[in-house]
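Peer 1: Okay, these came from Swiss-Prot:
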type	residues	note
BINDING	Thr29, Ala30, Gly31, Pro32, Lys50, Asp86, Gly87, Thr88, Thr89, Thr90, Gly420, Asp501	ATP binding site
Amino acid sequence: MANIVVSGEQLQEAFREVAAMVDSTVGATAGPRGNTIGISKPYGGPEVTKDGYKVMKGIKPEKPLHSAIVSTIAQSASQCNDKVGDGTTTCSILTSNMIMEASKSIAAGNDRICIKNGIQKAKDVILKEITSMSRTISLEKMDEVAQVAIISANGDKDIGNSIADAVKKVGKEGVITVEESKGSKELEVELTTGMQFDRGYLSPYFVTNNEKMSVELDDPYLLITEKKLNIIQPLLPILEAIFKSGKPLFIIAEDVEGEALSTLVINKLRGLKVAAVKAPGFGDRRKEMLEDIAALTGAKYVIKDELGIKMEDLTLEDLGTAKNVKITKDNTTIVSEDSDCDKQNRVNARINQIKSQIETSTSDYDKEKLRERLAKLSGGVAVLKVGGATEVEVKERRDRVEDALHATRAAIEEGIVPGGGVALLYAASALDKLKASSDEEQIGINIVKKVLSAPIKRLVKNAGLESAVIIDYLIKQNDKELIYNVEAMNYANASTAGVIDPAKVVRIAFETAVSVASALITTESMIVDLPNKEENASSPMGAGAMGGMGGF
């Protein structure tokens, strides 16, 4: 396919056009008074959503150059979503506004590298300021936990209170998962037996939920082994039995590679529900953790050389089972069945054994690792069961529950800051003392200072108000706890009004926006594919769309 190189003012103009499109479309969803956006689908009616991340992914311009720029800007929202699971709308607003302002300065003849350096200098100052503004969230104050979740869930108090209830049940380090409820229309919290460990899927081809890039297995069998699996022959008998059963298979091994991994992937693509992860931990600790998982899931054996049991002799009765397993690129969560007495007895026996080891151990390090294992086995898993009247309602509500859960975890991890966009607005004042090494570097610093007010401007605009007056009043009061509550239409104390944001979400949104915007700011040219003649002839615009490169 032929392509063309676009640079100079034509490229800068395209940057500004696309950035303005993203700002107006994604920004329209921001805040409690944000709007919904309809996204057309290849089949059925359009999806109507207020999720900024979905809207960002739904923007697909016709012009190849614009499409390439949108894809690059979308990386900011995607990275923000991957890192913290929330803040994608704020990130998109910051990214697009930074690109617009920088592009104007570059078009005026200023040096792009100096501008980028100024932006990077400002970034370091702002990140420190956000950290200094944050305060720890207390798990004793469940109303604060609930409020963070309510804001992220677009004001849904039921979601906020349910997440606070789940956090209360499992604690700060506890595991909370989300699943769709069968039969119920309500949002329920259920405490069940389970475990989470920090190992992700060994191949993205195992993914069952492409939108969330996760593996979700219901009622799977579990094969647990200390061995490294690199040939498929020993696995064939159990794979055949799994295929006949119609249930998924989840493999935990030292590693799965070579022929074994490629064969599992091929069978997954052909319809077999299968996934594999590396075993958690290292050395003797890994062996003990695998025994913990075997107890939790009811597996008869952890397959190892010392047992003398061959993999090809395994039957389904030898494997473990679970209610469900969810795997992301970083973590695995196993939810067991509470009704299984044998499993519960084995888990209790392991818990008592670990407690005895803690009492007799003389090593502080060993005690710490034993306590970690104890917490994983005894802490349980809180399951948020999402119900609704229709499948569409359940899906939309589940998305909001997951966003709110991510925000709550971020708040517990790094604390909270005043919400409503004021954290970034107030942080901008720290740039007044920052000295640039050149006038063009100062332009970069000034761009960041201006862009930091973009989120609150958009929130106020969506409420139908004039932002200049509100921002001027907030700054003059010199009170960093003062916010403008766009829902109640009044000035208020952030904590009293419950308008708070997780510091981690604000930090990641800003940091990611700077990273992606800087990449585009320093882009001199873009190489884009020309549409082929067949596509062009069949388009409504015909060949005329290419005239003067207007098709870009």
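From the backbone N, Cα and C atoms, a Cβ is placed for every residue, glycine too.
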Peer 1: Mind giving me a neighbour count for Thr29 (ATP binding site)? Other Cβ atoms within 10 Å of its Cβ, every protein chain shown.
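Peer 2: Other Cβ atoms found within 10 Å: 24.
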Peer 1: Name the secondary structure element type, per DSSP in three states, that contains Lys50 (ATP binding site).
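Peer 2: Lys50 (ATP binding site) sits in coil per DSSP, no helix or strand.
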Peer 1: Same-chain residues six or more away whose CB lies under 8 A from the CB of Gly420 (ATP binding site)?
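Peer 2: In sequence order, Gly31, Ile456, Leu459, Ile483, Tyr484, Asn485, Val486, Ala494, Val499 meet the Cβ cut-off.
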Peer 1: So if I measure Cβ to Cβ from Gly87 (ATP binding site) and keep only same-chain residues at least 6 apart in sequence, which ones fall under 8 Å?
Peer 2: Cys80, Ala407, Val505, Val506, Ile508, Ala509
